[in-house]
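In TrEMBL this protein carries:
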type     : residues  : note
COMPBIAS : A:50-59   : compositional bias 'Acidic residues'
DOMAIN   : A:101-273 : domain 'Yip1'
REGION   : A:30-60   : region 'Disordered'
TRANSMEM : A:120-141 : transmembrane segment
TRANSMEM : A:161-185 : transmembrane segment
TRANSMEM : A:197-222 : transmembrane segment
TRANSMEM : A:228-250 : transmembrane segment
TRANSMEM : A:257-281 : transmembrane segment
């Protein structure tokens with residue numbers, strides 16, 4: 001079965017190359033697609049055999065889609081056009097989220113999970129959840145940090161929600177736009193084998209932000225070390241997904257440009273995490289003596305902040 | 001008409017009815033014209049419709065009355081009262097306080113529109129305004145929670161009051177989500193139900209958060 005899978009993957013590679021070079025062509029494959037029993041891919045997936053089914057199932061459905069030709073043919077002013085971007089089931093969304101959190105070395109997120117069916121549901125709602133998670137967690141964390149102080153009065157800090165929303169949606173949409181433009185420009189100079197559409201890049205970025213949701217919740221813990229360990233951990237996971245996705249798209253280019261592109265991707269991702277941590281979460285205060293405050297009658301009072 | 005020669009009406013099927021010709025100025029749709037009724041009747045009819053829907057929300061059964069005769073009066077009243085009750089929160093500077101009236105309004109309406117669009121894009125069969133109607137009406141438990149919170153805060157704002165408020169808000173949040181899911185989930189394709197229910201959960205969670213974090217001056 002492994003050799004069959006390898007053969008299918010090789011075929012899929014060729015088909016993808018041809019399609020990338022000329023997106024409007026329909027590829028016709030002479031040999032028959034592997035007969036997979038109906039109940040193994042599609043709506044009712046048995047949980048134990050998910051690994052095999054994912055590879056085989058995705059390839060098979062991709063082959064049928066390649067054979068069928070162009071998928072999204074409705075004009076852009078109709079509602080049906082936008083419905084094609086939401087053509088995902090619950091298990092597909094969950095699979096994509098899983099794929100963004102556990103990067104499998106050597107497997108490309110776009111290839112494995114998204115291939116020709118990018119959706120906008122994941123990116124949009126993951127960003128929305130992240131916005132509110134960061135705002136709520138930041139508020140909670142500040143509340144717990146300042147809890148004991150007599151002068152502290154709790155404020156909901158609702159303005160920060162709009163700031164969080166602007167930042168995260170700008171990151172999730174403008175950075176893919178810039179990256180897509182850059183890759184298109186490089187494509188015109190250097191013939192790259194793999195090129196991604198704008199929606200696929202938005203998809204990857206959207207799903208890669210998912211790891212920051214549990215990270216933001218765990219940032220409530222008011223320990224600096226814990227927070228920075230979380231930043232590093234989540235950055236490694238989602239950064240590696242991004243790197244492994246975009247490496248095939250730039251590896252045929254000039255080596256320095258390829259490395260610079262990947263470096264910028266990781267840097268922006270890190271900046272987002274660190275920026276959110278710095279802005280929304282107050283620093284947990286260290287245990288140091290406050291300055292000596294002279295009281296009215298001359299005796300000094302030393303206050304210790306906790 | 002030669003073809004009608006062999007048409008006969010069987011004798012044991014009674015044929016009865018009334019043949020009247022409308023006379024005078026009685027127009028055929030006068031029953032539906034509400035222009036001439038007293039204003040009180042108009043208002044009472046709408047109020048009764050709104051009240052009936054409130055009852056349906058508080059005891060969510062599988063009834064289609066909420067969906068069939070949608071109206072947006074109830075959601076408007078609930079949204080405005082919720083936004084008004086969320087005013088008067090404390091703030092040292094304007095930037096740190098709770099949500100302003102416009103922010104609550106925008107969040108509720110924009111959130112409901114986005115959730116409706118989401119469910120339609122995923123292939124739902126419910127109409128746009130029906131979905132808005134359901135989502136708006138299901139804010140009722142949370143408005144009740146806000147009222148209770150404000151009353152509890154009048155009594156004091158210590159830990160006990162916080163725990164009471166927390167319990168009330170969590171219970172009402174669960175009630176809102178369950179009520180709206182009961183009305184909306186049937187119109188979705190079965191393998192995408194979770195994709196539609198999650199944004200509703202997020203929407204009511206945000207509103208509950210705004211209610212829970214309300215601190216008076």
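Cβ coordinates are placed from backbone N, Cα and C, and glycine is handled just like the others.
All annotation found in TrEMBL is predicted automatically rather than curated by experts.
Quantities reported herein were computed from a predicted structural model and do not represent experimental measurements.
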**Message:** Should anything in the same chain at least six residues away from the transmembrane segment (A:228-250) have a Cβ under 8 Å from its Cβ atoms, list it; otherwise answer none.
**Reply:** 99-103, 105-110, 179, 183, 186, 192-196, 204-205, 207-212, 215, 218-219, 257-258, 261-262, 265-266, 269-270, 273-274, 277
**Asked** By a Cβ-Cβ criterion of under 8 Å, what residues six or more beyond either terminus of the transmembrane segment (A:197-222) are in contact with it?
**Response** 85, 96-97, 99-101, 109-110, 114, 118-120, 122-124, 126-127, 129-130, 133-134, 137-138, 140-141, 144-145, 168, 171-173, 175-177, 179-180, 230-231, 233-234, 237-238, 241-242, 245, 269, 272-273, 276-277, 281, 284
**Complete:** Given the transmembrane segment (A:161-185), its same-chain partners at Cβ distance under 8 Å and 6+ residues beyond its ends are 123, 127, 130-132, 134-135, 192, 195-198, 201-202, 204-206, 209, 246, 249-250, 261, 265, 268, 272, 275-276, 279-280
